[in-house]
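Chemist: This is the structure I have questions about; it appears just below.
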Amino acid sequence: MKNWSIIAKYFFAIVPLIGIFVFLLGQSIDLLSDPESFWTIAVGNKAEKFEENFYEKLLSWNLAQQMLFLFCRNFLTFTTIINLATSVFWIYSIKNHKAEGTGKFDNYKYALIILCGTFWITLFYNMSLTVTGATKFMKWYNYISWLTEHSIPQIAMLIYFFAFYKKINVTTNNKNIVLMWASTISVVTGYLVFFTITGLICQAVGSFPFFGDMSSTGHYPYDILDLTSANKRVNLPGLTPITQWLACIFGFSAVNSVYFVGGYFICRKQGLNNVTN
C-alpha cells in the first residue's frame, strides 16, 4: 500500500486525542455524578497518604472547583502535554508529507526531541503498572487511556520514526548536537522543575489543590515533586523528599541522554543530505 505512511501519521495524530477526550469524559461523569464515591475511591480509602482532612476538603468542592480540577488533571499532566505535542507534530507532518523531514517543524530534530516524551509516557507508565498492579483497579476509560495514550500509537510512532521517517541533513556540528541534547533533556526535567516550583508556591500560600488526589496536598501533578514533609506517598528508603527529587531528576536526565545518543546515531546513520523536495 503506497499510502500506508500517511495513514500511519493520521493514526498517530488522532488516536491519542481520542484517548484524552475519552478519559476526560469518563472521569467527568464519575466525579460530577457521584463526588462522594469518586473521592472515596481516590482518597477516602487511603487517607493516611494525604494531608489531614484532605478527603473532606475535596468533598466540599462546588461545581466550579470540580471543573478546575478536571481541567488540571486532564490537560496539565506530562502525558497529555506530550500527546498533544506529538499530535501537532504529526498533523504538521501530514501537511508536509511529500517533503517529509524538510519542514520547519517536520524534521528529525523536533521529532527526536518530542518523542523523548513519548518514550517516557510509554516506558514509565507501563513499568509502573507492572510494579503497582494498578490494572486491577482500572475503569473502562482508564483502559482506553492506557491503550491510546501510553501504548499502541506511541510504540508505533517510535518505530515509524526510527525505522521509516526521513532524516534530512542530520547535523554533525558539535554545538548543534549539544543543543539538541539539552533540548531533549529539558522535555522531562523542564516539566518537573516547573511544576515543582509552582507546586511549592501554591502549597506555601495555601492555594486551591488543583491536582486533587495526584499528590498528598493536591498541589503537584506527581507526588515525587513535593519537596516538603507533607509528601506522604513517595518516601524512598534513606532519602529525604529533596534528595529523592534530585535522584529522580538525575535518573531521568541519564536515561534521556542514553535515548538521545542512541536516537541521534540512528538518525545520523539513516540521514539523507541536501534533499529539498
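Just so you know, glycine gets a Cβ as well, placed from its N, Cα and C.
TrEMBL: automatically predicted annotations, no manual curation.
The transmembrane segment annotation in TrEMBL covers 7-29, 67-92, 112-131, 143-165, 177-206, 242-267.
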Chemist: Quick check for me: are there 3+ Cβ pairs below 8 Å between the transmembrane segment (112-131) and the transmembrane segment (7-29), leaving out pairs under 6 residues apart?
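Modeler: Result for the transmembrane segment (112-131) with the transmembrane segment (7-29) is no.
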Chemist: Under an 8 Å Cβ to Cβ limit, what residues of the same chain, 6 or more beyond the ends of the transmembrane segment (177-206), are close to it?
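Modeler: Same-chain contacts beyond the flanks: 76, 78, 81-82, 109, 112-114, 116-117, 120, 171, 215, 217, 219-222, 225-228, 230, 245, 248-249, 252-253, 256-257, 259-260, 264.
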Chemist: Using a Cβ-Cβ cut-off of under 8 Å, list the residues of the same chain that are 6+ residues beyond the ends of the transmembrane segment (242-267) and lie near it.
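Modeler: Here the qualifying positions are 108, 112, 115-116, 119-120, 162, 167, 170, 177, 180-181, 184-185, 187-189, 192-193, 196, 224-225, 227, 234-236.
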Chemist: Checking distant contacts: for the transmembrane segment (7-29), what same-chain residues at least six beyond its ends satisfy Cβ-Cβ under 8 A?
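Modeler: Those are 1, 70, 73-74, 80, 83-84, 86-87, 90-91, 93-94, 97, 139-142, 144-145, 147-149, 152-154, 156-157, 160, in sequence order.
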